[in-house]
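A.B. asks: The following block contains the structure, expressed as structure tokens.
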Amino acid sequence: MSNISSKEIIIKYVEPKNLQNIFKKREKNSHKGDFGTISIIGGNRGMEGSVLLAARTAIKIGSGKVLIGFTQKNIPITVDLIQPELMLQTANQILKKFLIKIDTWIIGCGMGQNNISNNILHKALSYIENKNIVLDADALNIISEQNTIYKNSSNTIIMTPHPSEAARLLKCTTKEIQSNRIKSAKKISKIYNSWTVLKGFETIISSPNGDILINTSGNPGLASSGTGDVLAGMIGSFLGQSNDIQQAISGAVWLHGKAAEHLASIHKGPIGMTASELAEAAREILNQHSYQN
Ligand SMILES: NC(=O)C1=CN([C@@H]2O[C@H](COP(=O)(O)OP(=O)(O)OC[C@H]3O[C@@H](n4cnc5c(N)ncnc54)[C@H](O)[C@@H]3O)[C@@H](O)[C@H]2O)[C@@H](O)CC1
Ligand SMILES: Nc1ncnc2c1ncn2[C@@H]1O[C@H](COP(=O)(O)OP(=O)(O)O)[C@@H](O)[C@H]1O
């Protein structure tokens, strides 16, 4: 990785040559159990698209099995006709029936901040043990109001705030976050004992102990609804496929940006690029990089 030293920190940049635990060929005798069982919790009324985007992405970039747990009383749809591979449940059913089968959780996409989502987040964070949990969107908004929510967790927590969500977590303004993005990401990691992915132009990744990686792939085509859900799906999917947490997170962030660059190169962006197209492009680039030699 290329290093740029400043007085206090060494900044490293995400580079594909350092992502070999993620971009790799599959063993000939592999089976779906090798590639993770992911559950995505969220999708309140009117925001079902958010979990669908994350889940469709996770399966497209290689997860073995993907379940959605809607934060609603009943499932709003019984099958996703675009991606019928997905298993659809309510969040409560997932926590009751599938808890020990799931190795990676993504919680928060379109989850809302009502009683049901609050209750589900509390349950999930107290029931899940020794797993990877990606906390996105409304999970972060809820936590920012009640930050004692997961004290002493045995789980590895990955927080993926955009600048305004980061501002809510740190109780400051979005402008303050943007004026020192590295410091903000490190601070979130320290306070919440988490990996932090501070999204936006040049996404910052901070490890729980404050090591920093910066990603430079991407373009303004990503400034569009649902691209964050796609990123959450990618991070969760790679976490389910590898034990290398740093590579799983940085690989997802890099691939997300690279997919946007690919779409722009074939004139499907940056203007009008959609989150759904991003997942398709990411699959193409992932296969190219994994099978290039
Ligand atoms: N299809 C769906 O159902 C979708 C649902 N979504 C859900 O909608 C809910 C609201 O999320 P939103 O993120 O829209 O609303 P928020 O109010 O959390 O944040 C939106 C605002 O954050 C600021 N912001 C974001 N990125 C920034 C950047 N890079 N630099 C500076 N400022 C930035 C901007 O002011 C922006 O208007 C969440 O539950 C989310 O998961 C979204 O994920 C979009 C897609
Ligand atoms: N100008 C930009 N350059 C690079 N990446 C961007 C840019 N704008 C947005 N992104 C990326 O797009 C994604 C947007 O995520 P988010 O704000 O959570 O969207 P949503 O809530 O609509 O899903 C993040 O990964 C962010 O880093």
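Placement of Cβ uses the backbone N, Cα and C atoms for every residue, glycine included.
All TrEMBL annotations are machine predictions without curation.
Look at TrEMBL and you will find G110, H162, D229 tagged as (6S)-NADPHX binding site. For K199, G200, F201, E202, T203, G228, the entry in TrEMBL reads AMP binding site. Marked as domain 'YjeF C-terminal' by TrEMBL: 15-289.
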A.B. asks: Quick check: of the binding-site residues listed here (G110, H162, D229), which one has the Cα closest to that of T203 (AMP binding site)?
C.D. replies: H162
A.B. asks: Within the domain 'YjeF C-terminal' (15-289) only, compute the mean pLDDT.
C.D. replies: 96
A.B. asks: Cα within 10 Å of G200 (AMP binding site): which of the binding-site residues G110, H162, D229 qualify?
C.D. replies: H162
A.B. asks: Closest to E202 (AMP binding site): which of the binding-site residues G110, H162, D229, going by Cα position?
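C.D. replies: Nearest in space to E202 (AMP binding site), counting only the binding-site residues, is H162.
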A.B. asks: Provide the number of Cβ atoms within 10 Å of the Cβ of K199 (AMP binding site), excluding the reference atom itself.
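C.D. replies: The answer is 23 other Cβ atoms.
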A.B. asks: Across all chains shown, how many C-beta atoms besides its own are within 10 angstroms of the C-beta of G110 ((6S)-NADPHX binding site)?
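C.D. replies: Taking all protein chains shown, G110 ((6S)-NADPHX binding site) has 26 Cβ neighbours within 10 Å.
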A.B. asks: Which binding-site residues among G110, K199, E202, D229 have CB under 6 Å of ligand 2?
C.D. replies: K199, D229
